[in-house]
Amino acid sequence: MDVLLNLSLNGLATGMLIFLLAAGLTLILGLMDVLNFAHGGLFAWGAYSGIWIYSKTGSFFIGILGAILVGFLLGILTERWIIKPVYGNHVQQILITLGLMLVLSEMLKVVWGPNQISANPPDYLVGSWEIGGVIIIKYRLFIIFVGLLVFAAVQFLLSKTKIGLVVRAGVMNKEMVQALGINIQKVFMFVFMIGAGMAALGGVLLGPYSGVIHAEMGLEFAILAFIVVVIGGMGNFKGSLLAAALVGLSGSFMAYYVPDLALAANMLLMAVVLVFRPQGLFGMKG
Amino acid sequence: MSELLKLNAVETYIGQYHILQGVSLEVKKGEVTVLLGRNGAGKTTTLRTIMGLNPASKGAITYKGEDIKKLPTYLVAKKGIGYVPEDQGIFADLTVEENMKVAIQKDNQETLDRMDWILDLFPDLKKFWKKPGGLLSGGQKQMLSIARAYINNNELLLIDEPSKGLAPIVVEKVMESIIQMKEQTTIVLVEQNFMMASTIGDCFYIIDDGRTVSHGVMNQLKQDADMRRKYLGIA
């Protein structure tokens, strides 16, 4: 029983990290129709900058805030300078964002060196609780809590505010949004900024979770995030949370019971969804 | 009556296709100007070009004397031009209320009063206020699309084929609502249903192969069977 619970907690924590990366990706894809392969690079930059600020200030909280700000800034710059010129052209988007992904990874090595960097949780998040014989690791619970908090905040933004309404409307019909007098370019920039901030948050949270960070971590997680976007339905924010939990849990259980099939299981899950429900589990047809 | 919108020799490409090859028209304030023509003649593209959704490559588009040809769509809309597209452009996952909220540019008393007027005009919208737009019937979607374009006190409405795919009784309802709005705003209407077009319209322009080939007052067209047969394929 405690194995199952621990595997579930581990899977959900990983799922939340994937969710933080996938949520921005799905909104960017759904609203802006942009295939952003550089999103993992923003995740890695969040990890490096956040852990660096944490090491300099001694405050994990300030490290998290710093990572989010770096994510916001990189998101704005990426949208303005890299993505804007290639709106509407998927081939160019793939090429330029893959190129940016490589540049972002290499820049990490230039700034922080080629070796991986160790990252530890703050003292108050080290250790575990034992409840009814089951050991619950504090930091995993913290990640799940932050992930759900971010989900609730963005969900509130999307459902209860005018900008959220515009974003949801834009995912469905951006031409009509413009015809109603709304500057969709500003909305694009806002969404990109929020998406990049969430990715950076995911990155900085991953550091103490895995114990080390390295320049290629973004690409590894980006693959999982793309799987989540497909399973959850492109542009579907709630779908990305549920699909991320599914992918996280599947990865965790498979890694324990059939380790050789851990990544293949997620790929297989995506393939099955694509065959039987091409719009994703939670996406709308058409 | 003064001229509100003017198109002069407007040309538009969509990809490699030269769709509009010389559309010229004048829309007078307070009138309903109907664009007529066969399928594929360029009527919808004319409205989309005015909105900046398919930007014009040549010619001039002026609104209240100001050049709007190069403005992005959202600024054209902000000038006071409302657009009801052929496919209604309803945000399917948003409720009727949310569809209206997205459209509202100024949240003030005037807008609230206008909303009351609109909901009196289209009681179905009030009835299905919390229902997702995608679940409405074709007629209700059309009403929502018109209401959304009208909520901001736009001086000009561009309405594309409001009767398309609707049952005759619903067409009548939509037509009545446009007649009521006509008292307060200027309308450019694309319409295949000649009965509706001739009932609502004050003047007409016929577009054929991307060019305006004829125009005049609606009564003139009502009496000219030859012209109707030649350009519209109806007697």
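Every residue gets a Cβ built from N, Cα and C, even glycine.
According to TrEMBL, the protein carries these features:
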- A:12-30: transmembrane segment (TRANSMEM)
- A:37-54: transmembrane segment (TRANSMEM)
- A:60-82: transmembrane segment (TRANSMEM)
- A:94-112: transmembrane segment (TRANSMEM)
- A:132-158: transmembrane segment (TRANSMEM)
- A:187-206: transmembrane segment (TRANSMEM)
- A:212-234: transmembrane segment (TRANSMEM)
- A:264-284: transmembrane segment (TRANSMEM)
Seg_contact(the transmembrane segment (A:212-234), the transmembrane segment (A:132-158)) with at least 3 CB pairs under 8 angstroms, min sep 6: no
What else in the chain is close to the transmembrane segment (A:264-284), if you only count residues 6 or more beyond its ends and a Cβ gap under 8 Å? 224, 227, 229-236, 238-239, 242-243, 246-247, 250-251, 254, 258
Would the transmembrane segment (A:12-30) and the transmembrane segment (A:94-112) count as touching if the test is at least 3 Cβ pairs under 8 Å, pairs 6 or more apart? no
Go through the chain and flag residues at least 6 beyond the ends of the transmembrane segment (A:94-112) whose CB is under 8 A from any CB in it; none is fine as an answer. 35-42, 44-45, 48, 52, 78, 82-83, 86, 215-216, 218-219, 222
Which residues of the chain, 6 or more past the ends of the transmembrane segment (A:187-206), have a CB below 8 A from one of its CBs? 16-21, 23-25, 27-28, 31-32, 39-40, 42-51, 54, 63-64, 67-72, 74-76, 78-80, 83, 143, 146, 150, 154, 163, 166-167, 170, 177, 213, 217-218, 221
Which sequence positions outside the transmembrane segment (A:132-158), separated from its termini by at least 6 residues, show Cβ-Cβ distances below 8 Å to it? 1-2, 5-6, 9-10, 12-13, 15-17, 19-20, 23, 121, 125-126, 164-165, 167-168, 194, 198, 201, 205, 208-209, 237-238, 241
